[in-house]
Each structure stands twice: as structure tokens, then as C-alpha cells.
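Pulled from Swiss-Prot:
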- 1-33: region 'Disordered' (REGION)
- 56-81: compositional bias 'Low complexity' (COMPBIAS)
- 56-83: region 'Disordered' (REGION)
- 178-198: transmembrane segment (TRANSMEM)
- 210-230: transmembrane segment (TRANSMEM)
- 261-311: domain 'DHHC' (DOMAIN)
- 305-325: transmembrane segment (TRANSMEM)
- 349-369: transmembrane segment (TRANSMEM)
- 410-430: transmembrane segment (TRANSMEM)
Amino acid sequence: MNLYNNSNSSGSSNSSSSSNNKTNIDYNDINNNDILTPKGYHTSIYIDDNDLNNNQIINKNNNNNHNRNNNNNNNNNNNHNNPKKMVINLNPSGIFIPLMNDFDDDDDDEQESLIKNNKITIPTINSQIAIPILNNNDNNNNSNNKTEQTTTTTTIIKNTTIFNNKTISFGRIGFRSIVIFLILVPYIYILNFAIFPWTVNYETERKGKIHSFISMALVIQMLCNYYLCSTTDPGSFKDTISPSYYLLHPISSTDSNDHKKWCNKCNHQKPERAHHCRYCNRCVLRMDHHCQWLQNCIGLFNQKYFVLFLFYTSISIIYFFTLLIKRSIELVTKYTMEKTLPSFDLLHLFLLGILIIILIIAGISIMALLWTQIALISKGLTTIEHEDKKRKYQQPNYLNLYKKYDKGSIISNFSIVFGNLSFLWLLPTIPNNLKITSKKGDIFIV
């Protein structure tokens, strides 16, 4: 195993030559211990057996040591042949970067270009470094030869902790305030304009009370599901594997044959069906999409609340639309009989027309989204998987991946999101069957 040694001595004429010296590392030096890494721009850190056994890394980077190394190449090579000492280079986030070219310590753009071009090795996990495996067919190659990363993928993943149903902070309240405003204001107006007149009339008092109860129940369901959907953690996880595990089980950052992937942004392996959200800056389990109106991702643990919110909002729009039409008919009938209307009723009639138009536009949009969610859930797919499936429909092997998510029937597929107890499907309760199953160490989100 080879690592590149980069001395961090600025102003040294031999810095480029010393940065390409190779150090042979024995796996026994790792001892399956976690290696804690400080942060710094290309910090050269010397590690010996005692440091590894104590799970510590002592930063012994000083100019005297680097000057001695730069002035005497023979001594430098002798030190590198010592299997009890190694040098690793870290960027600010603790990621080891092979030095393909010499660049300044403050050149973040060039560092990012290396990462984007997959020039980095296995990244760190929770501020711990996973020493990478680099191809080395010839130990005598000169400093201009580039090193490529192995593309072998990991075979197991274990010791993974799932954080279920954690409440996250309400965060930005802008979009959420708008949604609550759009729910409550029409309801209050309809309650006073369309329902209240029925309650003051003896003949229609019972009808008014029934409509009051139904409208209140619908609004409570909308607000409750909206709150749960926006504040429930959609599903996150913490990789607790020892960093030294990835020495023997490197993993690719792109899709492989077994579809195990490494997230270069989160610096850990992504479980199956997990995707990284650029807005939440984390990987979300069984991610469907990120909703700006909720300021949250729709994923494993809150998709039911999202679908219920769309469902009750659609029902409420239809119900309120019916009440407004009935109230409009009453006003028009009153006008035809009395040949006149008070100015107050004329104002209400004008607002009625505007509100009806808003309900029609909102209803079409929300019902279309609800239909899309129902169609995808019935197939056992998420929105992201559906879009990937359309883009890669010519790849049979890729399409076969999603067939295992289909449980064979619509009821079975719905039970994955809503739970096995069908009589609780329309209530904002936690699905009783959300769990993580493990088969031969691989994580499957069901």
C-alpha cells in the first residue's frame, strides 16, 4: 500500500520532489483502530504504532523535521521504509488527497476540481480518516506518474444506526407561514360567510352545525399532517463503521453493479434508496423529493404525512368549493327575488368569485401532485427513482433494480408507506412497519 508524502514546508525548493516520495504501509500498523484527524490544509501527520494503538494522531509537523527531510533525500527514503511510521495528507475536511499536481495550500478551487473529477481516495467518516488503497504497479515510477483509485466496491456494511422519527427544528418559517395563511384565511372566511348564516336560522341550524364540524375536522387534519410532515425527520443514519474497515473494502462513488454507493458529500456509504439532498445537506433514507413549501425532504418517515396532507387538502378544496357555490346560488336567488342586493352582499359576491378561482387553480395543482404520489406508491417507487427510470429506460439491468421494490399488489405497496393496519391509513399516525432490514450485512430500506 502506498501513500503520498507531502511536506508542508513553505518556501522550500525541494517541496515538489519530497511530495512525491512514497511510504510503504503495512496493514498491521492499522490494527483496526479509528484514526482521528485534525483539520488543516495538507497537514503532514506522522503516525507510529503507539499513536494507532491509543487511537490518537500526534501532529509532529515542524519546520526542523521538514528541512532535514528536504536536505537529505537518503535519510528521507530510509524513514519512509520504516513500516512503523507513515505520513498522510489532509485537506480542511480531513479528506486524503493524492497529490496529482502541486498547488497552493489556499487554492480551494483546485482541491474541489480534484474531488469533482473523482481524484480523491476513500473520504473520511465523521471526522475520521479511512486510509485509501491506491494502485501501484511500479514502485519506481517517477513523480510525474499519476495514481488511480481502485474501483472495487465494498461487500458489506454493518453497525449502522438509524435515527427514526426525530423532530427537527422548524427552521425557516417563510414558506410555512404562507401555507398556514393560505389554509386558515379561506377557512375563516368560508366559516363566517357560508356556514355561519345557516347556524343563525332555526330551519338550517342543524345543517350549519354539521358543516361546521366537517370543515373544522378537515382543517385540523390539514394542519396536523402539515406540521408532522414538515417537522418529522424523513430518515437519516450514522455510519459507525471503523474507518480502517474501508482499507480492505473500498467503495465506488458512482453506481456499481450491486448499486452500493459512497456519498462524497456526507463522507459515508449510502444505504440503498438513500439520496443526498443539497438543501438539507445530508443523505435521506428512501428520499422522494425536497419540498420547499415544507422546508423539508419527503422520505421514509414522513411520506405518509405528506400524502395525507395532499389528500385532506384536496378534499377540503372540493368541500369548500361546494359550500361557496351553494352560497353564491343563494345570493343570486335572493337578488332575482328582491331585484336588489345590499352593498355588503355585493362585496361578498365579488370575493366569492376570486376565492373560487383560487380554489380551482390550487385544486388542480394539488390533486395532480396527489395523483402522482398515489401512482408511484402503487408501483413501489419514489419520485427520484421514477425520474431515474425514465432517463435510463434503455438499461435493462438498471430497471430490474426497481422490480424488487414492487411487492406485487397495490395494497402491499401502500402498506410500505402507510403501515399494515389499513384502518389507520387516513389518520396521522406513525406507520407500524417502518423498519430497516438487513441481509448479509447490506442495508435495505423497505
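Yeah, the Cβs are placed from backbone N, Cα and C, and that goes for glycine too.
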**Study point:** For the transmembrane segment (410-430), distant same-chain residues with Cβ under 8 A (at least six beyond the ends)
**Key:** 165, 221, 224-225, 228, 301, 303-305, 307-308, 311, 377-380, 446
Exercise for review: Mind tallying the domain 'DHHC' (261-311) by DSSP state, helix then strand then coil?
Suggested key: 9 helix, 18 strand, 24 coil
Point to revise | Intrachain neighbours beyond the transmembrane segment (178-198), with Cβ under 8 angstroms and 6 or more residues off its ends | key: 204-205, 207-208, 211-212, 215, 219, 222-223, 226, 293, 313, 320, 323-324, 326-327, 348, 351-352, 355, 358-359, 362
